[in-house]
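If you check TrEMBL, you get these features:
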type     : residues  : note
TRANSMEM : B:15-38   : transmembrane segment
DOMAIN   : B:19-203  : domain 'ABC transmembrane type-1'
TRANSMEM : B:50-72   : transmembrane segment
TRANSMEM : B:84-101  : transmembrane segment
TRANSMEM : B:133-160 : transmembrane segment
TRANSMEM : B:180-202 : transmembrane segment
REGION   : B:213-238 : region 'Disordered'
Amino acid sequence: MNVLHFIQQFFSDSAHWHGYDGIPTRLREHVQYSLIALGIAAAIGLPVGLVTGHTGRGGNSLALIATAARALPSFGLLVLMFVLLGLGHLPVMIPLVVLAVPPILVTTYEAMRSVDPSPVDAARGMGMAESRILFHVELPVALPLILSGLRSAAIQIVSTATIAAYVSLGGLGRYIVDGLYQRNYEKVVGGASLVAVLALVTLGFFWAVARLTVSPGVRRGH
Amino acid sequence: MSGLFEIPSDLQNTYWGLVVLHLRLALVPVAAGLLVALPLAQLCVRLRWLYPPVLWVTTVLYAVPSLAFFVVLIDYTGQTETTVMIPLAVYSLVVFVPALVDGVRSVPQETMDAATAMGLGPLRRYLQVQLPIAAPAIIAGLRVATVSSISLVSVGMLIGNQGGLGNLLNDGMIYHQPRLIWLSVIGTAVLAIAADAALVVLRTVLTPWMPRGRSAARPAPAEARPEPAAPVLKDAAR
């Protein structure tokens, strides 16, 4: 009950809805950072994952990259980049992208590898070009898994972008970090609920994208 | 040598003390998560309709950012170790439940029948046949959960220095000592890699029937039903 009370107080305070520290501004910042980071990570991870998955080479080195990236502490990396590079967006974007590339890359690779080889062979026998096989045969079947890799990456980014408020990034994490310093628990819980909702919206977004883009035949197969 | 690991006195601990603290903060929740997941997964195996909603709930809980989870718990458990441990235990479920359910389900029916024919009751069959056969899957889950837990503990620093090695990050910032931040980042990464390696060793000890060497290091190809458990299992790091 207590927490709900704080949340209600936070949202009913009209001061939280205007200006540079208002909820719309912070939400926009958070979404913006997350989208940029996800965009860069996908631009790196998807092509590499698709090609390595299609050719089947480099699986071992990808597994190594995945383990190494998982071992890196995201928060520590964030603070380290901030200390080394100073204020700005770059020191925050580097850890966000570094953390998001491995899930996209590895899941895309695994997704392409897990495609049933017989339709691929059939397509090749029919004389389809390799690029057409990749995009018209393998990709539609691998899509659910690829999307789930993007989803893990997105959730990870939203979560880490929250922590990035500690190294002076904007976004919804500001409420939590500032609130903790000011001992303003109402602000802390308000920010936390916003972040949690944003994460769940992200989850829902990817669910919806999967519903719309995955072909019904593939979906039924799973 | 002693100067390298010297840390400010306000942390009221030594570097190695923080290492031990970090391990405790990370490993206790993973053990607790496994203890909760064992009966939960068994329930999901018995009652098939229960599995999708349980998976769904764990996925949703996993999506909640750690910092948000921590601060909401402050109201109930204060700025204590418990507040850090509860979310980590909850996050580990998203890895353990599918690993256990798929692991236990992968035991062939003939094997189960053979165990029954040998006179094993349900409990002994579970402990002596199903769990050992599911061991590789369970340890694969354990590796992901442990490594991400070790990485996440550092965030606990933000809620009143409950972050083990992560506590060094704040001191590094306020005293302008990059050395402390390096100590934290490298220390955490080394702990994670060491824990991962220890679990790989544990698997070879527990499953002597599995092939050794390079081929054993590669996990079995994912089953043909990846959504939504399998990818999370691979990438539960944050």
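Residue 1 is the first one shown; counting continues down the chain.
Glycine too: its Cβ is placed from the backbone N, Cα and C atoms.
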Open item on the list: Within the same chain, where does the transmembrane segment (B:180-202) have neighbours whose Cβ lies under 8 angstroms from its own Cβ atoms, ignoring anything closer than 6 residues to its ends? I mean 6 or more beyond.
Closed with: 5, 7-8, 15, 18-19, 22-23, 26-27, 139, 142-143, 146-147, 150-151, 153-154, 165-169, 171-173, 217
Open item on the list: Does the transmembrane segment (B:15-38) come close to the transmembrane segment (B:50-72), meaning at least 3 CB pairs under 8 Å for residues 6 or more apart?
Closed with: no
- [ ] Mind checking which residues of the chain, 6+ beyond the ends of the transmembrane segment (B:84-101), have their Cβ under 8 Å from one of its Cβ atoms?
- [x] 25-26, 28-30, 32-34, 36-38, 40-42, 44-45, 51, 54-55, 58-59, 61-62, 64, 66, 69-70, 73, 77, 134, 137-138, 140-142, 144-145, 148-149, 152-153, 156, 159, 162-163, 229-230, 232-233, 236
